[in-house]
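Notes for the one structure printed next.
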Amino acid sequence: MIGYVLKKILGTKNDREIKKIRKWVEKINALEESLDKLSNKDIVLKAQDLYFRVNQNEHIKQAIIEGEMVEELIEAFALVREASKRTMGLRQFDVQLIGGIVLYQGKIAEMKTGEGKTLVAAAPAFFTALTDTGVHVVTVNDYLAKRDATWIGPIYRFLGLDVGVINSDNMSYIIDWQDPEKAMEAIEKDIRVWPKGMVGDAIDYSKIDVHAKTSYFTKAISVERAKAYEAHITYGTNNEFGFDYLRDNLAVSKDQIVQVKGHGYAIVDEIDSILIDEARTPLIIAGPSNLDNKVVLQANEFVQTLEIEKDFIVDEKNRTAMLTEEGIEKAEKYFNIQNLYDIRHIDLVHAINKALLAHNLYKKDVHYMVKDGEILIVDEFTGRALPGRRWSEGLHQAIEAKEGVEIQEENQTLATTAFQNYFKLYKKLAGMTGTAETEALEFKEIYSLDVVVIPTNKPNIRKDLPDAIFKTKKEKWEYIAKVIEENHAKGRPILVGTVSIEDSETLSKLLEQRGIKHNVLNAKQHEKEAWIIAQAGRKGAVTIATNMAGRGTDILLGGNPEFLAREILKQKGIDEDKATEEEWKQAYEEATKITQKEKEEVIKAGGLLVIGTERHESRRVDNQLRGRAGRQGDPGESRFILSLEDDLLRIFGGDRVKKLMEFMKIPEGEPIESSIVSKSLEGAQERVELQNFQSRKRLLEYDEVINIQRSVVYDIRRSILFQDDIKEEIKDFIKDVIHTQVFTLLTEDEPELWELEPLKTFFKEWIDLDLPEKFEAKDREELEEEIFKLVMEKYAQKEQEIGEKTMREIEKVFTLNIIDNLWREQLHTIDKLREGIYLRSYAQRDPLVEFKKEAFRLFEELMLNFKISAIQSIMNAQISKEELEQQEQNMFNLEIDTLNKSMAISEALENIAKEFQEKRPRFRTLKDRLEERKKKLEKKGESA
């Protein structure tokens, strides 16, 4: 009661947070009028001045990196809003500025669909980018990364910042003006999209100069990967940022490093999708392993002879499948072996387990699709295909065998990290989503991120109708088709969310039978995605979409006038880039009339109707689908139409609902609409969410062990990679190896009790070093020093033998190669350890504790083996006479080339010097000296 009263008086924690931020927004608004009076050039100069001020004050710079509230934020955010108005004709609402400040502080901004999240990221990204640290804006797919960077690009370019984009397949871009001359002229002539003098919320869209936008259009220009990362702000997907990090830590030269600015600040769009939904799937870079594909094919044939429940059991809740005792006996008979679980048959057991999963838990057009003889993973949260991604540990091969396509080699992990640990690399992490509050605890516990719910710009008036549940899928689909037909006849736009490609195609056929025109948006059609979504709010539009989460495009009632204007120009045969101001104006006016008229008709019909055809495991994904209706205060409706055969109901409590329907004598074809059923469904979702949270938490606990090791290994790699001379590190390695061997092999303190033979054997086998029969040392520390001198003498001999420069190169190449090979083996061993560690629980031991102990022991061995192997390889390096001669020849050629270039430069200088006769003798002398030096070298080369 007291808490309730206090909340009423003081407001919630979220209310208090918003109240504090509003004071900063008022200060930003106070600058709008004065900035509006400035010319474009003055705004550009103000941005440059702010950049220099930030970089000249280390205290302010550090405060910005950490997300502290500083006075410079007011000017930065005001400049971004002004640039947005002038180049794009968009003015950030106060709630968008609030969202931007929340992101700047390193928190999660929960903003409803249609509140303009893409634009919200611009101000915090710009302000933090002034510090010249790596600012990454993370999206869920390549299309959105490139689209968002190009769309927001005019703001950044206008204010003097570079923007990069990274896509998959190693495609990278820099965003620049589509027509640099036109853009510079527009800045010079003070051309604005948003008219001068129009300040504040009162917006007269008829005064927006649409044609002026064309002056500020941007385009993506292909560049090398590192160039995209050198930009002040880089857009890309979570997968590509993560993979580039792993690839950087497999690089064998500094030139191969692409994430040149490191990890300063990340703004993650759809943060719940990336950090929660995808957290169970680690990022893996893999190479070929030794598993024989014949075993995969044999396992695939074998599992098709088995009977479910009798020979194997499937646990859909935990997504596992395993052989029963009868199944094991069948396997031993089928493969003619005595003991299936003998160590010799480990690959066969592995292949059978994966084949069971492939046939019983992974469904075509739900979890994967077959395209051009290849298995493509379908992201269950977005419905998109993920080309280039493969399931690890033999699962992908098992599905290839199941579908009868070519089986590609199984991959061995070369580098891996979990998204949780990758994003923890950033000094400041923030994110946006329409639905984060339900996962606030997980964000706080795992990422130390607070969630702030941002108020909507206009009140939400969407109606969420109760669920309708049918006995069978057939009844459900018939009813959905009927609801669509009725609402389509009224001219109402309808969006239907399905969970699989198969479902979207089932509904599509039903609508075709009824003669209803519609668009299908799924993993097979995402190239047309933007166009389909842009039209989804038009009168009578019917859109079927697999999982709307993360689509990233607003559905405007009546349609998007800008998209329609482009269509109109296209229909008239006019290239939009070459269209005149008058042509653009006419097309836009025509499009605006059409969309405005349709919007009024759609609003009368009740706004957008959203139909969910199946409940998702996560309530968030359901809420994201609902959120497509009712944007920016528009009317709208949402409803889930389900069946007892849907996965969630079938696995979690469908029997109870079925009994209830039978008890209530619900006739066939009639739905049940009951609060008891809705609560039962929500309870099932909560249980799955909790189960998935525990799974992600457990994954993180295990990956944290590997993460500590990974950090050490990657730090060593970078230290080696970024130094030209690692001789001092090599000396330290030698000292460490000597210390370990002396203290391991000589257990007694007194020299007379030392048994030196094992020590002598080790050094002989290690680097072919013969230790003396006796040492003068009085203790083990002195003995270490004596042995170190002997090893360094041998080391000096090797350096003299192959040359100092070659020795330095060999040290780097060998150490990098060895640590990579050992780390690869470590990951393989850790994978196997993790697979079997659960067995320790049968001995009343905590598997995680046991895993930590074993992993630590393995890592200690790795570090010692690394040092031993590195020194051994360097000391045993053999450079042939031919290689040495080739090196000398290369050096000779290099020097001749350098001299030729020097002579060319001297000739250029001589030409310039003709105008300055008094300097001519000096250049002549230089040229003569260079020619003389070249002749001597050539003579030396001939005699050699």
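Note that Cβ sites are derived from N, Cα and C of the backbone, with glycine treated the same way.
In Swiss-Prot this protein carries:
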BINDING   Q96, G114, E115, G116, K117, T118, D554  ATP binding site
Candidates E115, D554: member of the binding-site residues with the richest Cβ shell (10 Å): E115
Cβ neighbours of Q96 (ATP binding site) where a neighbour is any other Cβ within 10 Å: 26
Among G116, K117, the one of these binding-site residues whose Cβ has the fewest neighbouring Cβ atoms within 10 Å: G116
CB contacts for T118 (ATP binding site) [other CB atoms within 10 A, all chains]: 19
Secondary structure at D554 (ATP binding site), reduced by DSSP to three states: coil
In three-state DSSP terms, the structure that G116 (ATP binding site) belongs to: coil
